[in-house]
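According to TrEMBL:
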type	residues	note
ACT_SITE	74	active site, proton donor/acceptor
ACT_SITE	106	active site, acyl-thioester intermediate
ACT_SITE	237	active site, proton donor/acceptor
BINDING	140, 246, 280	(3S)-3-hydroxy-3-methylglutaryl-CoA binding site
DOMAIN	3-160	domain 'Hydroxymethylglutaryl-coenzyme A synthase N-terminal'
DOMAIN	168-252	domain 'Hydroxymethylglutaryl-coenzyme A synthase C-terminal'
DOMAIN	263-362	domain 'Hydroxymethylglutaryl-coenzyme A synthase C-terminal'
Ligand code: HMG
């Protein structure tokens, strides 16, 4: 696994004060402390490439071993050329590699992951690995209710028949999809549009449908106590921390638990440590929450089952599960994700607003002459995006 976030962020308490809102509404009410805000040299491609490089390095995997690269994103940089092709070029992945992009709001990365699992299980992988990258920059209008739920980042995962972090359980998955208009981004807009409170209800309805479908698919004998106590942890899609709390309350109520909040810290708390510092990263949000669980849980999760709930507006959702592998927590801790977050620089609100304005025209920004290094977006020349390697 690899994770990339912007080097800069906005403190939600500062944003609240600038908008004339009590800081408690964003920090406690939404459960977000900071949100990542990318500068103009960062885009969906650079975040994806940085996360993918970290995943390859962390696994000691050569680019030559990758036979499938899929980037899930809803903030792509081109109507035709996939983010995945740019990533292939930046990372030097082999030409004998199937490459494409998937889109279904925040579910796009999970769609890619499930497809990669089938590719591995079918034998088509022939020992090669799939590289799945979820990369997005969440953007709502300045001053809108969605503004404090922005964020940016990417999570990359290597999928193979020798899992080192999580062994995803074949057949244990429940899907729910429904045509709803809860959140969308018209072709003419850089900002997402959302029917905020309705989107929360759509998420909860999808959770219920997917959780019930999972239980039917898993077909396990009835047991004592709450069904969700079969999991050592639950990782929900996190558009903002409070949504996970609402999700957990709903799921435990479905289980017949009359004190549905009592298990929240035990089953969910660790998964929210990193997301609360980064905000919504759309496709990668649930996987950042998984990274958070594995890097911050103090108890040994080896051999324990984790439940995962992925939700994409529009909508499609999936509840699935995996078993934590020996050494997984040490591997993710070794990525030093918490330390990386503390090294970021805070933007003042005027700086953040300048960045938001500059990002409006990012796609047409003339390419800077300076070569630069480290997977940075330099601008466009002859209608082609230029990246520093
Ligand atoms: P809002 O309507 O301005 O906020 O925006 P609110 O009035 O609902 O207040 C939020 C919470 O703060 C409430 O808590 C208040 O009580 C509390 P709740 O009742 O929900 O438990 N509050 C305070 N707490 C402490 N101190 C205070 C205080 N004041 C109030 N002083 C909304 C909220 C989520 C609607 C908005 O931010 C929004 O539209 N966000 C974007 C949409 C979104 O994230 N939806 C989530 C579900 S859909 C999804 O997850 C998919 C998505 O990721 C996209 C994709 O799939 O691609 C979004």
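Numbering starts at 1 and runs along the chain as displayed.
Cβ coordinates are placed from backbone N, Cα and C, and glycine is handled just like the others.
Recorded features from TrEMBL, shown on the structure.
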residue	record	Cβ contacts under 8 Å, 6 or more apart
74	active site, proton donor/acceptor	103, 104, 105, 106, 108, 136, 185, 282, 283
140	(3S)-3-hydroxy-3-methylglutaryl-CoA binding site	146, 147, 149, 150, 191, 192, 194
237	active site, proton donor/acceptor	106, 203, 243, 247, 285, 286, 289, 309, 310, 311
246	(3S)-3-hydroxy-3-methylglutaryl-CoA binding site	200, 204
280	(3S)-3-hydroxy-3-methylglutaryl-CoA binding site	35, 138, 149, 150, 151, 238, 239, 240
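Of all the Cβ atoms in the protein chains shown, 31 others lie within 10 Å of the Cβ of residue 106 (active site, acyl-thioester intermediate). In three-state terms derived from DSSP, residue 246 ((3S)-3-hydroxy-3-methylglutaryl-CoA binding site) belongs to a helical segment. Spanning the residues 140, 246, 280 that the record associates with binding (3S)-3-hydroxy-3-methylglutaryl-CoA, the maximal Cα-Cα distance equals 22 Å. For the recorded site, residue 237 (active site, proton donor/acceptor), the DSSP three-state label reads coil. Remark: secondary structure over the domain 'Hydroxymethylglutaryl-coenzyme A synthase C-terminal' (168-252) totals 39 helix, 18 strand, 28 coil, with classes taken from DSSP.
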